[in-house]
Amino acid sequence: MQHSPWPLRRGTSPVDWCEGNYLFSPVIAEFVNTVSNILFFIYPPLLTSLFREYAQCVNRGVYLIWGLLLTVGLTSAYFHATLSLVGQLLDEVAILWLLMASFALWLPRRYFSYGFKERKHFQLSMFILSCAATLMACVHPVLNAFALMGLGIPATVLLIIEIRRCKKCQSCKFGI
């Protein structure tokens, strides 16, 4: 009986990006993808400091977002360094939780369905959905790509719609 490879072992992920493996280092599979995660270690602490007033006056949940961004950096660096299946799952689940937390914190109320009269109910449903998606990711890892696209595309469209709604919005100067 053939046993599947141990998921922590290097190269067990079916995903391998276009970057050549082990070109710059014998211990880092995708060197550029791994090193490019350095921004995830620099920006969250900086943003935590810059958004202190926002957190005090508007929403402390922004600290969760910065923590999740740091987690994405850690898990992505691990995945690209090892190309292990566990690294892939950690990376994808971290991104999934970041997207879900962002929706839970910042989705405008006008998009809430009739079942969600309060943001707390919506946040609870997003938490439950995130837990379910995490379990599904462990059972059927291929579903992660669909979950990420299912959240990423609507998030991008929603962001563009909301930026275009602003008449005197500084973010409109970014060219969207």
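Note: Cβ is positioned from N, Cα and C throughout, glycine not excepted.
The feature Ca(2+) binding site is assigned by TrEMBL to ASP16, TRP17, GLU19, ASN21, GLU30. Sequence annotations record features per position, and here TrEMBL assigns Zn(2+) binding site to HIS80. For 31-51, 63-81, 93-109, 121-137, 143-161, the entry in TrEMBL reads transmembrane segment.
For the pair HIS80 (Zn(2+) binding site) and TRP17 (Ca(2+) binding site), the Cα-Cα distance reads 9 Å.
Taking Cβ pairs closer than 8 Å, the transmembrane segment (143-161) reaches residues 89, 92-93, 95-96, 99-100, 102-103, 107, 111, 133, 136-137, 176 in its own chain, all 6 or more past its ends. Other residues of the same chain near the Ca(2+) site, with their Cβ within 8 Å of the Cβ centroid of ASP16, TRP17, GLU19, ASN21, GLU30, are CYS18, GLY20, ALA29, ASN33, HIS80, LEU83.
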